[in-house]
Amino acid sequence: MGTTGTNDGATTPPANTSTPAVDIDVRDLGTVDYEDTWHLQANLAAQRAEEKIPDTILLLQHPPTYTAGKRTQDSDRPTNGLPVVDVDRGGRITWHGPGQLVAYPIIKLADPVDVVDYVRRLEQALIQTCEDLGLHGTGRVEGRSGVWLPAGVINGELKPARKIAAIGIRVTRGVTMHGVALNCDNTMEYYDHIVPCGLADAGVTTLTEELGRDVSVSDAYSSLAHNLVDALNGDLPVHS
């Protein structure tokens, strides 16, 4: 995904990415069933399209759940027999569960709708959250969604590029659904049974794994909430 850059690598966020520019309602849902939350999102998105509610961000965790986006291949699906929820977001298969902080922004994008700009803002919020928590060097990988750590030698071991946060969205009637998932201190066990996001040549990691100390969902919560609001309001510059 491309952006129009300035000389320092930052972009000037357009003023009309979402409306209103302020007044985003952030809701903490705790741990909630995936399908129940999916239905809640659809209900809120319909209300947002009719201007009945303000822009809203849902912050939560899910019980262990595999979800498959519209591009999921049969070969991506789990080998451990666990059920999969087929959903209407983009992307392929992923896992949600305890220790992973999930955010679902229900945002009315301004016309003309710019989905690339919206995704860039989500990525920037995640990158800044990692920085806030002491994890430096996260960024984007061309042609792949989400937030990544680059391949490299760490403690004498060659590690592949590793995804620390996933993004999958849907836009209907100009309103966003689904969103982002930041791996904090969740288990990696469930990823062993799928091809996460359809990427067989890449790894998955957590804040806890990379920082060598426990980083819980509660540790990341305030930072991610703040950075999402700032990114969506245009107060957090988007860097290429």
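Just so you know, glycine gets a Cβ as well, placed from its N, Cα and C.
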_Annotated stretch (region 'Disordered', per Swiss-Prot) among the listed ranges 1-22, 67-88_ = 1-22
*Hey, does DSSP put VAL180 (substrate binding site) in a helix, a strand, or just coil?*
strand
*Work out how many Å separate TRP95 (substrate binding site) and LYS163 (site 'Lowers pKa of active site Cys') at their Cα atoms, rounded off.*
13
